[in-house]
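Annotated features, as they stand in Swiss-Prot:
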type	residues	note
COMPBIAS	1-11	compositional bias 'Basic and acidic residues'
COMPBIAS	20-30	compositional bias 'Acidic residues'
MOD_RES	Ser34	phosphoserine
DOMAIN	328-489	domain 'Helicase ATP-binding'
BINDING	Leu341, Pro342, Cys343, Gly344, Ala345, Gly346, Lys347, Ser348	ATP binding site
MOTIF	442-445	motif 'DEVH box'
MOD_RES	Ser687	phosphoserine
MOD_RES	Ser752	phosphoserine
Amino acid sequence: MGKRDRVDRDKKKSKKRQYEEEEEDEDDIPGNESQEAVPSAAGKQVDESSTKVDEYGAKDYRQQMPLKGDHTSRPLWVAPDGHIFLEAFSPVYKYAQDFLVAIAEPVCRPTHVHEYKLTAYSLYAAVSVGLQTSDITEYLRKLSKTGVPDGIIQFIKLCTVSYGKVKLVLKHNRYFVESSHPDVIQHLLQDPVIRECRLRNAEGEATELITETFTSKSAISKTAAEGSGGPSTSQGVDAQATSDIPKDLFDFYEQMDKDEEEEEETQTVSFEVKQEMIEELQKRCICLEYPLLAEYDFRNDTLNPDINIDLKPTAVLRPYQEKSLRKMFGNGRARSGVIVLPCGAGKSLVGVTAACTVRKRCLVLGNSAVSVEQWKAQFKMWSTIDDSQICRFTSDAKDKPIGCSVAISTYSMLGHTTKRSWEAERVMEWLKTQEWGLMILDEVHTIPARMFRRVLTIVQAHCKLGLTATLVREDDKIVDLNFLIGPKLYEANWMELQNNGYIAKVQCAEVWCPMSPEFYREYVAIKTKKRILLYTMNPNKFRACQFLIKFHERRNDKIIVFADNVFALKEYAIRLNKPYIYGPTSQGERMQILQNFKHNPKINTIFISKVGDTSFDLPEANVLIQISSHGGSRRQEAQRLGRVLRAKKGMVAEEYNAFFYSLVSQDTQEMAYSTKRQRFLVDQGYSFKVITKLAGMEEEELAFSTKEEQQQLLQKVLAATDLDAEEEVVAGEFGSRSGQASRRCGTMSSLSGADDTVYMEYHSSRSKASSKHVHPLFKRFRK
């Protein structure tokens, strides 16, 4: 009997696992296509087997990492497992940080010591922006307090031996495979597939190798960042600190400055390839461990006409924006890749500046119709482009593309596979036939690999620029972007920007709300998704939310309240008499609510569902209250914080000028989710203050203050269906589960379609016409 019970339990577990796998997002499902575009070296990791671990799990490096004599003057520790630790209080911190951002992934950046990690992808990004293997190892040795472990040197050589050495360049509308290493070109040409891709002349002979010398000069003018009107990020080495710096390290810093400013002559060897075989060529180069790095020589592109667009004189780049663009245009060509900047730090201006630099047709893709409108406004604000040259393509706005230079659309519009309207088909045909110089991909972290491939096959662009604030995904598929778009070109430090006044100084707080006894009793008893509704609709959480809204409205603050659950969103907003936006809200109503929020002093609070997580530009907002969220998503937490990160006018930089409250019901699953969600922001240097009691809450007149009101709310929650407990599914959102089945409790009447059917009996007087031909027998029994 025990064996049978065990088998039954195993069956139930396997069914549960199967159900949970079916609940995964579409982009979580592994696909063959995402693997074929990743070189095998990219999956390699640093060997950590030699690291000793004590009984408490701490790593002991004392025997492996002997200190140098002048270690106090050097800012880095390089551990054998690939982790690098940087002293943020070092006088040469700025130079060391710039170098580490180029070669490693930031892991954690609190106030005093920052942690980075060497990965295959970060080293791929390093060589793609011009760093050589010898440069990386030499710089690490000079900056490190200890000797660099041999395993780290071998790992760097393994990952950089082939990455970034071969480029696919578009010049004069012809494609060339180019490299500054002639031996690599000869190695590639020995492969029969690549020889087949090589262009041949009329006699059938392969075209000759082309050797040329070009000067790498930045396409971004240095004057763009002068007079930036804000605090300088420069933290150069002061005169007092130079005496403590070893001579070899000081010479290295001076050389780094010269390398950034000097023009460099590079000799390259290239051969021309057939345009129709580009995709086959790229796949073959990846198999040979020489992935092609795409570069666009836009200055020599004569086939695609220049568009009439320039930056306005009022558009002034901040130092970090200029630095990110220098990574993109560092050698006079446009590199494809991803730029990571915090929300509110001016990603849109970076995109507009890139479009003004390339000066070719530009396609911008966002993730909602609101973001399309905001991108159009950003182009008109920062550039000289005429309104008639901007074309929008959304479900609501389909501008005529005649004479269009900048097209703005959404991922869902381009990736749409079902039947379109006649007008939409015409616009799609026009998008497909255009040769785009630049494609700007906003909120690029949200795009699953398969969806993005679909977009790539529809439109062709010479250069792709991805913009995001959070290069993280819970499914670890963010690495796919390295080969679908390009390497990470630049990532800013959130705390540095905050301390310099470029983004708001935010006080993050987690407010613990005790569950009322009645709600907690039901929470423990119920095992369905309705548990989510119970801890979201907790009366004490509602009262805390109402108190915070009243408190900040008295200070004339602008408040956004976020809720992933639509049932809770409506209940809170209607009870508090506040406007709310969610999926079905029309585009016109959304814009009206947002405009009122920005300019109407009487509208200081709005409620928004998950549709507002990204691409909602609300610079006036300085308070955010979160009442429900998407599980333990780190990305969503950072995106929501970004709604209040924009620098506030007239605020003192030393004081907190924005507030982020996350309301959590105590002793529920929500507390575990909250801890997971905060990981990304804590790694960026933010700290969360835990508030167990809001001072002054007892004096306020708040809703649900009596047991009767709380009992009525509980009955309303219990009467809701499991479908009400689910999160909102946003139309057009990638990975949505709208096409999948969902489990919920039901009754036999529901299954028969009788949910809204009422059985009623009533008497009606018979008309004379109906009783005219009645048999006498039945007349006798009539009442």
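Here the Cβ of each residue, glycine as well, is placed from N, Cα and C on the backbone.
The model shown is predicted, which means the values in this text are computed figures rather than measured ones.
Structure with Swiss-Prot features highlighted.
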residue : record           : DSSP class
Leu341  : ATP binding site : coil
Gly346  : ATP binding site : coil
Ser687  : phosphoserine    : coil
- [ ] Using a Cβ-Cβ cut-off of under 8 Å, list the residues of the same chain that are 6+ residues beyond the ends of the motif 'DEVH box' (442-445) and lie near it.
- [x] 338, 347, 351, 364-367, 371, 375, 466-468, 470-473, 478, 481, 485, 614-615, 635
Open item on the list: Please list, in sequence order, every residue of the chain apart from Leu341, Pro342, Cys343, Gly344, Ala345, Gly346, Lys347, Ser348 whose Cβ lies within 8 Å of the Cβ centroid of the ATP site.
Closed with: Ala469, Ile503, Gly642, Leu645
Task: Those residues of the chain, 6+ apart, with a Cβ under 8 Å from that of Ala345 (ATP binding site) - done: Tyr320, Gln321, Ala469, Ala492, Leu497, Tyr502, Ile503, Leu645
Open item on the list: Using a 10 Å radius around each Cβ and all protein chains in view, which of these binding-site residues has the most neighbours: Leu341, Cys343?
Closed with: Leu341
TODO: Pull the DSSP breakdown for the motif 'DEVH box' (442-445) and write it out as helix, strand, coil residue counts.
DONE: 2 helix, 1 strand, 1 coil
Task: Distant-in-sequence Cβ neighbours of Gly344 (ATP binding site), under 8 Å, six or more positions away - done: Ile503, Ala504, Pro619, Gly642, Val644, Leu645, Arg646, Ala647
TODO: Quick one: among the recorded positions Ser348, Ser687, which has the most Cβ atoms sitting within 10 Å of its own Cβ?
DONE: Ser348
TODO: Taking the Cβ of Pro342 (ATP binding site) as the centre, count every other Cβ atom within 10 Å, in any protein chain shown.
DONE: 25
Task: Residues satisfying Cβ distance under 8 Å from Gly346 (ATP binding site), sequence separation of at least 6 - done: Arg318, Gln321
Task: Confidence summary for the motif 'DEVH box' (442-445), mean pLDDT rounded - done: 85
